[in-house]
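Annotated features, as they stand in TrEMBL:
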DOMAIN    1-56  domain 'HTH myb-type'
DOMAIN    4-58  domain 'Myb-like'
DOMAIN    59-113  domain 'HTH myb-type'
DOMAIN    59-109  domain 'Myb-like'
DOMAIN    110-161  domain 'Myb-like'
DOMAIN    114-165  domain 'HTH myb-type'
REGION    178-202  region 'Disordered'
Amino acid sequence: MDVRRKWSPGEDALLVEAYRIQASRPTGKGGTVNWHEVAKRVPGRDNKDCRKRYYNEHDGAVKKGTWSKSEDVRLEGLVREHGTQWAVVARRMETRSADQCSKRWNHSLKPELKRRPWDEQEDLLLMQAVLAHGHRWREVQCTHFPSRSANDVKNQHTILVRRGVQPAEEQCGCVVGGTASTESSEEPSPRAWEPTPQSIPDESGLLTMPGDQGIVWGGPELESLGDDALFSMLSSTSVNDANMGYGMWGGVSGGPPAGEAVDMQEAVVQMQADVNAASTQRMTITVEDAEPETLTQVMDVLMRETNAGEKQQRDSSRTTAEEIKQQLNLEITMPNVLILGGSGYLGTAIAQALLRSGGYAVWGTARTAAKAAQLRAIEVSPVESVDLANPQTLAQAIDTYHIDAVIDASSAYEQAAGVLEAVVTAAKARADTLANDKAIGPKLAFVYTSGSWVHGSPSRRVSDLTPPGTSIAPGKPATAVAWRPAHEQAILAARNVLDVAILRPAAIYGRGSWVWGTWWGPLLAAAQSGSKDAIQIPADKAARTGAVHVDDLADAYVGALDRIQGQLGSWPVFDIATENLSVVDLLEAAKTVLGVEAELQYAGTMGSAFLEALSLVANTDSSRAKQVLGWSPKKVDLVPNTAVYVNAWKATEALKSKD
């Protein structure tokens, strides 16, 4: 999971304590700290987040900035000894983190990397390759420059752009993927100070600048930015080291010291710049985890973008605003909704509720051709390309089908973080595309299906305003879903790029709900066999379960989606239950319906995490869902209508046995 947000003091305290515990009994390879174990103690952060935060902020032994020759020699020796086990290498290195060691090796020291200067032919081929591949540097490197690092390719492209080299086909006669047939008759002219008009590149275009190079700054350009904007950017608390002198502020000509590579987790720049005499334009550049990074590069890109005067020329390969409108199908008034688990029990009910509302075009994931056919039969467009084990397929589907909202009804456990990652990736890509066209658009919406089991068996009445898994929660989450409160927090933390809602349904009943088979199954077996022996029920007799009918639950999703763009308040989390019922009352009613005469004996949960979750003592309330979502459940009396629901479940089981 990689949801970027600032660390809070509380998270830092948890991180330091978790590291202290793990460092005292390291379980990682080669006696290193096990960062996966550290992350378990810091909700909403993964092992990479924790490792990088600790080394960047809390480990005084880790150096930042330029590597010395002696460090390079030591790193080369450690790689020969330990290979690419970077945690072990960093432990032996002592002064550098695992991430720093990995990047230094792969970008600079790897023996197979070509280190000779770039020649003119390579420069021209590089510009042509970027025309074909864009700023996908790994792709450019693998396809055209296998003996150079992707970092070297990025750096050289930056240098060429600053020199004013243009990727004109007639200059070189290059064929991307082959060799050049002719050479340019004249050398590229040195970069004049006036910046070449160029659009802000995406994050991969904010390139790394080696520590042995600097940028020549001009007085007029610095003055056009203004002291406040420069100071705000260069004094950002997210920046470890910019290595730039204060003499810049006055707008003097000349250059700062050589740019020092920094480890930038996040930096955001906002400025107001005159674009022409009649209008102004606000722009924001965000750099996330593009290390090693330098502020000098960002400022150079910023100055090139805000150079007043002529209209900037767009790269022919860049998507225009009109093309974006076509891609997003803005002429279609109904939002496109993708339901993960669309052909499942809950997903199908949500799809039908959305279609009945008349406000949405609905897509649903299907794992087989038969499931896809079932979706078509109920007027839902099937998506067969999504594999939740491969998040990239989901991100691609969101783009391909122009999805405006994603509902996760997949019941995914291990894949939950990957699903969130894919949705966030798609949202960022869409936002970047719109930003490049100086446009503002709606956020991608994401509705996540959690569950009431996160409340455990609370000692008092709880509502969805009580964050589960925290010290103020009166109950401990069920073991089976102990991971889920942290995942909910990660979703809420992604609200900078997503509009989100989290629904926590109680046990779902109606039609063929599988969850009730755990209890009703032994009763049905006894009824069919005629046995009078005591029936062992895998539950605690004191259990009290929350319940909600699948149709009422589906209506809650419609209410959440109708209001997801700013009408859900500051806490878009809702418990969805209509009643809390004693397991004894439920099973005695089912026993009567099925004509069972045998005694029921409650055998407990037998160490099963799932049975433990079923046997919680629920004490939840759904008043906020009714107030905020406009939720008005219709089926609120399960026990008096047990015959309807038990017979529906029984009929569904019979149909399954025939398949």
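Numbers here mean position along the shown chain, with the first residue as 1.
Placed from the backbone N, Cα and C atoms, the Cβ positions cover glycine too.
Unlike curated entries, TrEMBL annotations are predicted automatically.
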For the domain 'HTH myb-type' (59-113), the DSSP residue counts stand at 34 helix, 0 strand, 21 coil
What are the DSSP helix/strand/coil residue counts across the domain 'Myb-like' (4-58)? 37 helix, 0 strand, 18 coil
Note the mean pLDDT of the domain 'HTH myb-type' (1-56), expressed as a whole number. 75
